[in-house]
Amino acid sequence: MRTSIATVCISGSLEEKMRAAAEVGFDGVEIFEQDLMTSPLSPEQVVDLARELGITLDLYQPFRDLEGVSEEVFAENLYRLEEKFRLMQRLDMDLILICSNVGTATDWNDDVAIDQLGRAADLGAKYGIRLAYEALAWGRYVNTYEHAWSLVEQADRPNLGVCLDSFHILSRRSDPSAFSTIPAEKIFFLQLADAPEMMMDLLSWSRHYRNFPGEGSFDLVNFMVELTRAGYTGPVSLEIFNDVFRQTDVVRTTRDALRSLVWLADATCAALPAAGIDPQSEANTMALEALEPVAAPTGWDYAEIKAEETEEIATLLTQLGFTDRGMHRTKDVRLFASGDARIVLNELPLGVSGSVIAGLGFQLPDPKTSADRARHLQIPPAHRANRADEMVLRGVLAPDGTEVFFAPEQNGSAPGWLTEFGDPEQPVGEHELVTGLDHVNLAQPWQHFDEAILFYTAALGLGTQPPAEVPSPQGLVRSQVMRTEDGTIRLPLNMVPQVLDVAPTHNQGTERVPTGSHDQMRRSAYPQHLAFATDDIVSLARNAAAAGLRFLPVPDNYYEDLQARFRLDEKFMDTLREHHLLYDRDDEGEFLHFYTRTIGTVFFEVVERRTGYNGYGAPNAPVRMAAQYAIERY
Ligand SMILES: O=C(O)c1ccc(O)c(O)c1
Ligand SMILES: [Mg+2]
């Protein structure tokens with residue numbers, strides 16, 4: 001696969017963008033006109049830089065409002081175009097993107113546009129330049145790829161073809177299956193973008209909300225399958241207009257960009273056989289490469305909490321019925337367990353206060369392959385110190401700095417590393433009503449939210465649920481659940497504007513030094529939580545209360561509303577009130593849950609799913625956030 005990225009996608013100067021593209025491993029770039037116009041580099045210096053970096057200059061863009069105009073206007077357009085051809089010669093480039101007319105064409109006639117596109121191509125031919133015509137989704141007359149192709153076909157010039165841009169095609173719900181009606185050699189260029197589902201005008205959607213493949217909701221795998229069927233052989237290029245990506249670190253975002261293409265190529269390879277295409281054959285015309293196949297996680301291995309004061313967390317876990325399984329035999333960490341929930345408590349280094357969900361272990365059928373795959377996706381590794389006789393886990397840093405470890409699956413039995421803690425023969429505690437981890441909720445820095453979606457999709461094979469918005473006293477929180485199909489792993493991500501930037505950093509030494517990112521995460525004071533599963537929440541709450549647990553209080557107004565919505569009987573309502581339980585119901589079943597107070601930035605939830613309830617009590621999330629806010633303030 002030959003990869004390319006439009007300079008408009010990322011932040012910085014033209015030179016910084018080109019250097020980032022090369023550093024990360026892109027083969028080429030699209031030069032966005034504005035980036036060149038604002039650059040101090042001469043066109044010749046840009047060519048020299050590209051040579052030095054070993055990248056190609058694949059497409060010059062965009063040229064606007066060329067076709068379908070009066071002869072008078074067209075003469076002006078040709079003058080403007082010829083100037084660009086001269087510039088492209090200096091840039092040693094041979095492909096220009098022509099966007100369909102959005103403004104200056106007023107009295108449309110296909111024949112006029114065909115004639116003018118043909119004459120523009122003839123002028124290009126004198127300079128050895130090819131023209132790729134792209135239908136903008138909001139083009140005044142030409143806004144579908146079928147229409148663009150029809151004009152190009154009728155103009156019938158060897159140096160005139162089309163550019164297919166997934167945003168324009170999929171935002172209008174056009175059907176990519178007609179790509180194969182276009183001769184392969186006439187598809188001059190491909191631009192890829194994903195985007196979240198949105199109800200807004202096409203232009204605003206396109207200019208601000210595009211994101212990298214795997215981060216939105218377009219079916220880009222099918223798009224790529226259809227392009228392969230059509231025989232496209234050119235570069236796979238990203239053209240993402242995104243307000244966030246244009247202000248984040250250029251190398252980091254460019255790495256995320258390439259990761260999205262590596263993921264998409266792999267996902268497409270997996271889908272090609274069903275379309276009758278052998279990925280190993282010449283029919284894989286873009287030479288898309290498959291990654292190591294990995295299966296989704298089959299369970300939680302552990303969650304690690306780092307805290308300044310582990311004692312407070314330890315008390316909370318004990319009140320929830322966890323058993324203290326003792327210290328690790330060589331490391332200064334302590335294990336608490338109940339059922340399949342295993343919580344490792346670790347101290348934050350001196351001078352750092354608060355607490356944080358620092359690490360998550362995922363059980364996988366083939367952890368080594370998952371780790372190899374993560375490396376190919378350029379996901380930064382997490383390092384931890386190990387003694388020779390200890391279980392070695394490989395891990396990576398999630399975009400928010402959380403350490404994600406790949407652990408072997410256990411099929412329900414206890415992981416081997418448990419024997420590294422305390423007394424392995426220690427009996428199960430009598431109050432262990434928590435059966436396992438139900439879900440983990442991580443607060444995500446707003447500027448890395450999309451990156452996190454792709455990370456959990458590409459590295460762990462999790463899928464996305466439709467996003468939700470939760471009103472909190474401190475702002476609207478965007479929430480997106482990532483999960484395995486069977487619901488074994490559920491990972492709601494909450495985008496919180498208050499969280500500071502937390503770039504993953506590589507730990508250089510052998511000691512597992514907490515990264516600065518955790519410190520920053522803590523300072524953001526945005527809570528995250530572990531939710532524990534139980535089959536008997538009422539008994540668990542009763543035990544916890546007897547052990548002195550301080551529950552998150554629930555306002556009376558909530559219970560009155562609950563009664564109005566669900567007509568629950570008085571006795572049941574009393575039980576809910578008595579134990580500070582929240583309640584929800586869907587077509588599948590019922591959901592009862594409660595929350596603990598927050599320590600540092602970590603709190604716990606206990607949930608009971610009755611008969612297949614599948615959600616997370618979303619209607620109750622605002623109640624929880626308001627209660628936490630009230631406690632924090634007073
Ligand atoms: O938003 C635009 O104007 C624009 C320009 C060039 C493109 O290739 C494109 O897809 C959109
Ligand atoms: Mg485009």
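Glycine too: its Cβ is placed from the backbone N, Cα and C atoms.
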- Residue from His383, His431, His439 that TrEMBL also lists as binding Mg(2+) with His529, Glu605: His439
- Of the candidates Glu83, Glu226, Glu239, the one that TrEMBL places in the divalent metal cation site of Glu134, Asp165, Gln191: Glu239
- Item | Distance [Cα-Cα, Å, rounded] between Glu134 (divalent metal cation binding site) and Glu605 (Mg(2+) binding site) | 51
- Around the recorded Mg(2+) site, report the further residues of that chain (criterion: Cβ within 8 Å of the mean position of the Cβ atoms of His439, His529, Glu605; site residues excluded), sequence-ordered. Asp438, Val440, Asn441, Pro492, Leu530, Ala531, Phe532, Phe604, Val607
- Give the sequence-ordered list of residues that share a chain with Asp165 (divalent metal cation binding site), lie 6 or more positions from it, and have CB atoms under 8 Å from its CB. Glu134, Leu190, Gln191, Leu192, Ala193, Glu239
- Query: Between Glu134, Glu239, Glu605, which of the binding-site residues has the fewest other CB atoms within 10 angstroms in the structure shown?
  - Reply: Glu605
- Item | Cβ-centroid neighbours of divalent metal cation site Glu134, Asp165, Gln191, Glu239, 8 Å, sequence order | Leu97, Cys163, Leu164, Ser166, Phe167, His168, Phe189, Leu190, Leu192, Ala193, Ser237
- Task: Report the binding-site residues (His439, His529, Glu605) that meet this criterion: Cβ distance to the nearest atom of ligand 2 under 6 Å. Use sequence order and write none if nothing qualifies.
- Result: none
- Cβ neighbours of His439 (Mg(2+) binding site) where a neighbour is any other Cβ within 10 Å: 21
